[in-house]
Amino acid sequence: MYNSSVIGGSLSISGNRLFVYEVKGLDSAAGSTVPVRQSGSTFVTVPYERMAEETRRITRMGGEIVSIRAVNGNVPVASVTQTAPAAKKPMSETKAKAKKPGANVPVNTYKPKSPYLGACLSNEPLVAEGGIGIVQHIKFDLTEGDLKYVEGQSIGIIPEGTDEKGKPHKLRLYSIASTRHGDDVDDKTVSLCVRQLTYQHPESGETINGVCSTYLCNLEPGTKVKITGPVGKEMLLPDDPDAKVIMMGTGTGIAPFRAYLWRMFKDKERAVNTDYSFNGMAWLFFGVPKTENILYKEELEEMQAKYPDNFRLTYAISREQQNSEGGRMYIQHRIAEYADELWGLIQDEKTHVYICGLRGMEGGIDEALTAAAAKTGVNWDEYRRAMKKGHRWHVETY
């Protein structure tokens with residue numbers, strides 16, 4: 001699809017800090033917020049420090065990177081047919097080399113050309129009456145294949161039908177919302193948390209429904225679905241049962257966190273996980289527009305009530321709560337409220353931070369932690385880079 005090493009070539013262009021990606025295969029239904037030209041290409045300007053993240057985002061949306069060039073030059077930095085030199089590793093505050101996680105994690109058991117056909121077992125609404133939008137919890141049968149996965153991974157879904165050019169729809173990736181043992185704790189299912197994507201056509205104003213999300217949200221039990229994967233090692237839960245796990249999510253970004261929390265706190269899960277009994281601390285910050293949009297609310301509050309010393313739960317409900325300045329309460333405002341405490345936790349090497357949800361939420365989080373770290377004379381940008389190198393800072397936004 002594309003060569004992820006293309007970003008390395010940017011280091012050989014002295015002084016260039018902004019780069020333009022030419023991307024094909026993106027459409028608004030896939031979550032793109034930039035215009036798609038008649039040629040089918042999308043042009044995205046990206047600062048150097050966000051190139052790796054942008055590359056992953058484009059991949060998740062099914063896009064194909066045609067070329068990357070510096071903003072102030074016409075010479076392409078790289079193309080998908082080139083293999084560029086590996087990027088120089090950034091300096092880290094940590095001298096010890098962190099052990100890379102996920103060595104034995106299953107990846108790409110099923111590929112797009114030979115997907116697994118799994119039956120939809122159930123398709124249940126998650127948004128309460130009076131809430132905004134449509135979000136479904138969808139469970140699939142895995143008994144007819146060998147699709148194994150772990151918490152923090154994703155699977156691909158290939159919707160039925162063809163696009164306007166008569167070609168099969170491209171797959172979309174969705175974070176898995178169940179533990180490796182499935183919702184029934186019998187190793188026979190996998191579950192997703194899917195919001196139906198809707199958006200306004202930029203020219204006609206017509207309401208458009210996302211292809212894959214609409215397909216999934218309307219699935220009838222018994223329907224066979226093309227599934228690929230699993231993929232991903234960025235969001236894996238640490239093996240350490242004494243870890244401190246800070247989760248920051250919005251909307252369906254709750255999916256991997258539900259899997260983490262089930263593994264940590266669900267009685268049936270704890271019973272079968274003989275090699276993992278969580279004794280650490282988990283803290284979930286969850287941003288939603290209304291109380292009715294708190295996905296898995298009953299589950300979350302039940303676990304918090306049962307394990308009050310191990311699980312903290314903090315909501316940011318934008319249309320019902322106010323921040324300190326009188327505006328709407330978003331997740332970054334909650335992070336700012338608790339920034340000093342979070343910074344204290346983050347300095348513990350057992351602490352892992354996970355961010356999942358709408359792209360752009362990281363900016364406010366970074367701003368709050370920058371201020372907290374500065375009080376102790378620490379540069380947050382440098383510290384975060386060291387955390388990422390040490391596999392303690394995990395981000396998956398879309």
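We number each residue from 1, going along the chain as drawn.
Every residue, even glycine, has its Cβ placed from backbone N, Cα and C.
From a predicted model like this one, the values you see are computed outputs, not experimental measurements.
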> region 'Disordered' per TrEMBL sits at which of 82-105, 130-153, 298-321?
Replying inline: 82-105
>> Arg195, Thr252, Val288, Pro289, Ser318, Arg319, Gly357, Leu358, Glu396 show up in TrEMBL as binding NADP(+); which entry in Ser175, Ser178, Ser204, Ser277 does that record put in the same site?
In response: Ser175
> Where the record says Ser175, Arg195, Thr252, Val288, Pro289, Ser318, Arg319, Gly357, Leu358, Glu396 bind NADP(+), what is the longest distance in Å from one Cα to another among those residues?
Replying inline: 26
>> Sequence gap of 6 or more, Cβ distance under 8 Å: name the residues on the same chain that satisfy this around Pro289 (NADP(+) binding site), in order along the sequence.
In response: Ile132, Ile317, Ser318, Arg319
> What average pLDDT is reported by the model for the domain 'CpcD-like' (16-71)?
Replying inline: 62
> Far apart in sequence but close in space: which same-chain residues, 6 or more away, have a Cβ under 8 Å from Thr252 (NADP(+) binding site)?
Replying inline: Val135, Ser175, Cys193, Val194, Arg195, Leu295, Gly357
> Can you tell me how the residues of the domain 'FAD-binding FR-type' (113-237) break down into helix, strand and coil by DSSP?
Replying inline: 7 helix, 51 strand, 67 coil
